[in-house]
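First the structure, in the form of structure tokens, and then the observations on it.
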Amino acid sequence: MAGDGASSPARNFAIILIVHLAVLVLWQVLVDAFHVPKFILPSPLATVQTLGTASYAWGANTLVTAVEILGGFALGAFVGVALAVIFSWAPLVSLVLLPLFVTLNMIPKVALGPLFIVWFSYGILPNILIAFSICFFPILLTTARGLREVEPDLLDLVKSLRGSRWTLFRKIQLPGSLPYVFSGMKVGAILAVAGAIVGEFIASERGLGYLMIQVQSSLDTPAMVMAVVLLTLLGVTLYGLVLALERMFVVGDARQT
């Protein structure tokens, strides 16, 4: 049984890899068979060949977008979790500030782009802030919910032992809220990618979103598709990192208890 459990992740990965390869092969065959113009739908081979175009600076632009995504996500995770903890310790603060954050979250994030550019000029920072503004709210809500949903019996036990608020948080609330925290982070990881690209679409001089706008004017569809592929890989990588941390902390905590 242990061997089956150990081989399960490898087997699942192999299945996923085979499915993706099959889709790529089918895509290539259909494009070649029906002679689809490259500017409408490029083949996988034509898409990959654009990586050899030095003027597109794929490495530098991908790095810029990766920094924006990771920066916005990290800031959103930190602020979201920190505010959720403050709200759990000070219900009055939650009562006052949470409706304000709900209202601010209703603002279309595209509308924030020009304001951030006026306030912070061009560069990476406005795009990080847009990514932050999109991804932080679900992290805040899910973490706050996790901190609230503590079993009454455990609360009574800590109170009967005269445990401090810090003890309650460290021993009960924090471990119990971890599934909620990582659930919000997984959503935030996806939204951070969208936020960074929104910022680059509005006004940017670097990044994959900026590159897509540039190649659109010349109908270089293979380059646009390649940019989408790289964005997807960045999002999958960040999501996978959060998933790995979730398995490490949540499963590890469950084993210890």
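Just so it is clear, glycine is given a Cβ too, placed from its N, Cα and C backbone atoms.
Residues annotated as transmembrane segment in TrEMBL: 12-36, 56-79, 86-107, 119-141, 180-203, 223-245. According to TrEMBL, the domain 'ABC transmembrane type-1' annotation covers 62-243.
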Considering only Cβ pairs within less than 8 angstroms, which of the stretches 12-36, 56-79, 86-107, 180-203 has the most against the transmembrane segment (223-245)? 180-203
Any residues 6+ beyond the ends of the transmembrane segment (12-36) with a Cβ under 8 Å from its own? 42-45
